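Taken from TrEMBL as is:
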| type | residues | note |
| --- | --- | --- |
| BINDING | 3, 4, 5, 6, 7, 8, 9, 10, 11, 12, 13, 14 | NAD(+) binding site |
| DOMAIN | 1-190 | domain 'Mannitol dehydrogenase N-terminal' |
| DOMAIN | 198-341 | domain 'Mannitol dehydrogenase C-terminal' |
Ligand SMILES: NC(=O)C1=CN([C@@H]2O[C@H](COP(=O)(O)OP(=O)(O)OC[C@H]3O[C@@H](n4cnc5c(N)ncnc54)[C@H](O)[C@@H]3O)[C@@H](O)[C@H]2O)C=CC1
Ligand SMILES: O=P(O)(O)OC[C@H]1O[C@](O)(CO)[C@@H](O)[C@@H]1O
């Protein structure tokens, strides 16, 4: 059994690659980072070190690596004969990996469909990938040669310390929820995956709790001048901010998906404990990375805030978190720099629609304009 995985970064090696290896797949990593691919190609194994309660080390073996920037034909051949394709490249990169998958489907000769699963922090990332593959195929009939399934991935894998090589340090917790209906009873065997009938409650609960909470801490911590996530969460004002935000997303999730309120509160507490894990230093600039993506319409702040506003509730904590996100500046993060240029040069109303996709007629618009004006006055 063979799986081709795009993106040999933190989640690629420390989560998806490990789970596929444990399921018995030969994993072929595809990445554009030449030194990483060369190192993987030369290595026979790498170690995933867990930290925290019940931690253990996992040795990953039996993998190969292909540079997807320079060896496209070999990669297409690998995918054409693979059982599974996964990605962990970032939602904005899916459009670049889609043409290779399209070419592989055109060349595919086996009867068994290719399972395609995007493992990104985005609602229905596999549907987004499928859309790009559909645009790239010469004949849409070849899409029938694949099964596209959405997934939700949860494991905190921070940037790795210098000198770590291919080894990855991760938290013990993980969840890979995959929707089962697209496979019509013939899902691949992946023992560590959590198969679900309906992914919507899982992905929204994960994105609007783990990711909304984590990003809130990162932006508030950044404003407070703190570098590490656990130090940020130790500040009483950051703790209150994240709890207020998660109370708002909890109200939405409970009302929308019928989640049990006590169970959701327990989920929140568990997640706050994960964020506070001092064994896993994680930087606020990593967790806050790409603020334009994080402030977009279907993402962790605007999506829940818009739904709450539509139901007549003012999401004041989420709006404040958006206000702190607007002030996130990290020299290595192009999106944060672009956002600052826009804040200095655009009208607040125009910026709101450009960044968040929220139009003036929407009930959230006024609150967002207020936050933008506040950020503009503070950064002027
Ligand atoms: N790190 C984490 O804790 C978590 C990350 N995620 C999601 O996983 C995805 C990956 O995140 P990380 O692993 O943290 O990022 P990362 O930056 O460590 O890894 C991304 C990898 O993708 C590669 N890449 C970029 N363009 C490519 C292309 N065109 N073809 C092939 N490879 C390409 C990069 O070279 C890099 O090695 C993101 O969508 C993120 O939201 C989800 C849950 C947890
Ligand atoms: O910032 P991104 O790319 O959405 O992904 C990183 C986020 O995903 C997480 O792993 C949570 O699943 C956190 O570490 C972090 O908040």
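The backbone N, Cα and C atoms fix where each Cβ goes, glycine too.
Look at the domain 'Mannitol dehydrogenase C-terminal' (198-341): DSSP puts its residues at 101 helix, 2 strand, 41 coil. Long-range Cβ proximity for residue 5 (NAD(+) binding site), meaning a same-chain Cβ under 8 A and a gap of 6 or more residues, is found for 12, 16, 17, 20, 27, 28, 29, 30, 85, 86, 87, 88. Within the set of binding-site residues 3, 5, 11, 13, 11 have a CB atom less than 6 Å from some atom of ligand 1.
Annotation note: residue 11 (NAD(+) binding site) sits in a helical segment as assigned by DSSP. Sequence-distant neighbours of residue 13 (NAD(+) binding site) (same chain, 6+ apart, CB under 8 A from its CB) are 29, 46, 48, 60, 166, 168. Each of the binding-site residues 7, 9 was scored by the number of other CB atoms within 10 Å of its CB, and the largest score is that of 7. In the shown protein chains, 26 other C-beta atoms lie within 10 A of the C-beta of residue 11 (NAD(+) binding site). Across the domain 'Mannitol dehydrogenase C-terminal' (198-341), the prediction's mean pLDDT works out to 97.
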